[in-house]
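Below: the structure, in structure tokens.
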């Protein structure tokens with residue numbers, strides 16, 4: 001497996017792998033510095049959309065991944081999401097992905113957030129998966145933390161295999177195939 005470069009990412013985006021796509025790095029908006037997004041040397045920095053689901057314990061339910069209670073979240077739409085101390089929120093990428101059959105995509109958090117105690121987690125994007133990426137933001141601090149919509153939040157790394165997989169995510173009817181918006185756990 002080899003990591004793919006900015007040139008490869010731009011070509012793949014022209015074929016529809018990432019929409020919308022930013023071919024360079026964006027670091028300012030309206031004259032103000034932002035958390036960067038767009039194509040980097042060996043990755044693509046995704047943006048957080050303005051839809052969030054913020055975890056709450058007001059309903060005192062048990063978190064069960066097999067029978068997840070949607071009442072565990074409060075829906076929020078806005079430019080800035082404030083995550084309560086030691087809590088988390090779900091969001092999604094602005095970008096919609098269509099991963100090629102020979103590619104596995106790994107997501108890593110941005111250091112700007114990590115250095116503030118905000119951790120981004122995303123499981124790998126498997127071959128032939130497509131959809132908006134659901135982002136998990138954990139606020140590991142004892143203070144409220146901000147996440148900015150429309151700005152960079154995580155970096156995707158594209159690894160291409162020297163052999164195409166026998167069975168892709170699409171082939172096996174993956175439960176998150178084609179997801180749009182913030183998607184809760186499914187079994």
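In case you wondered, yes, glycine gets a Cβ from its N, Cα and C as well.
Fair warning: this is a prediction, and the values are worked out from it, not measured in the lab.
For the recorded site, residue 136 (active site, proton donor/acceptor), the DSSP three-state label reads strand. Residues or ranges marked as active site, proton donor/acceptor in Swiss-Prot: 136.
Per Swiss-Prot, the feature dCTP binding site maps to 110, 111, 112, 113, 114, 115, 134, 135, 136, 155, 169, 179; the stated evidence is sequence analysis. In sequence order, 88, 89, 90, 120, 121, 122 constitute the residues six or more apart from residue 136 (active site, proton donor/acceptor) in its chain with CB-CB distances below 8 Å.
Note: residue 134 (dCTP binding site) has non-local neighbours 90, 91, 92, 122, 176, 179, 182, 183, i.e. same-chain residues 6+ apart with C-beta under 8 A of its own C-beta.
Its own atom aside, the Cβ of residue 169 (dCTP binding site) has 20 Cβ atoms within 10 angstroms in the protein chains shown.
The secondary structure of residue 169 (dCTP binding site), as reduced to three states from DSSP, is coil rather than helix or strand.
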